[in-house]
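One structure below.
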């Protein structure tokens, strides 16, 4: 901008508001005071474009202090109605997930103690009742979920899966001592467990190169997809022929999909789907375990008397404690696995035991009521924390996203 008078120099628009200048004014020869040149230079700006000056100044301040523009604010995520309740529920769900360590740890301790007593007594045959293939399947599921939660930085779930890996590995080591598990398989399992724990620890703290993490994710994806169909197939043997083809076929397809994804031969959606397979495979492995148990109960009802109601209750409580956190962060995979295990592995087996008079009706009804109240409390608190109108809205956000 320039002034038409030759006595007024060209002035740039200032970047910030300057305080008025009160300098010493000069006197004319006729005794009057001459106006300050700075005031004369600024006066045309103030008179001709005060609105543009304020707009430019506001834009500069926004850029300097990183304030969001009005247009961006209008399209951003709406502000929570009560941020305090949101933060409280966030903290509480994290504590619930951490508390799940107690029942999950108690699940394996009786088996570990019993195996140790049999080993010390020289009764190695008793350990052959524990299937090492089933324990290995659970271990692979724990490792896969550990990688999933370590990537999401969910501390409580990471601790739960780490304890699951360690406790299951202790049982597998006891089986190897009893010569129930072949030594080559135990050595390979030990190497995978050591590498998995180390890589997940480094990745959780951000110390692992991305290339190594991708290789580990590819390994657990292929391994999980090879094991899952094989376990499902083996559940129904001898009603179907015993075969390794399901694991070989699915593992080969998984390897081909991973290679194509890394070579960029898949679409963006296909690559994202392959990347999510490891977490879903681990979830399906755990989801299949209660199905296999209930199938055995159906074939041999007499085996139900050998089940421990306390063990099933611990399984229901441990998985139920992780449901609020899964709902809060809108993690459908975590919610599916936890809810399924809580209902089928815990409550479902208790229902079978009640039907065959292994537990009293009062105990079963009290357990059922407690589970329903817990789920109702979870949905109510989550609805309040997110400021939704009803629990149906929270469930829609969980199932279909926001």
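Every residue, even glycine, has its Cβ placed from backbone N, Cα and C.
Sequence annotations record features per position, and here TrEMBL assigns transmembrane segment to 126-150, 157-177, 183-202, 214-233, 239-261, 273-296, 308-328, 363-380.
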Check the transmembrane segment (183-202) against the transmembrane segment (239-261) for contact, please; criterion is three or more CB pairs under 8 Å, pairs 6 or more apart in sequence.
no
With the greatest number of Cβ pairs under 8 Å to the transmembrane segment (273-296), the stretch among 126-150, 157-177, 239-261, 308-328 is 126-150
Same chain only, please: residues at least 6 beyond the ends of the transmembrane segment (126-150) with a C-beta under 8 Å from a C-beta of the stretch. Say none if there are none.
111, 115, 118-119, 157-158, 161-162, 164-165, 168-169, 171-172, 174-175, 178, 180-181, 185, 189, 192-193, 196-197, 199-200, 203-204, 216-217, 220, 223-224, 227, 231, 234, 278-279, 281-283, 285-286, 289, 333, 337
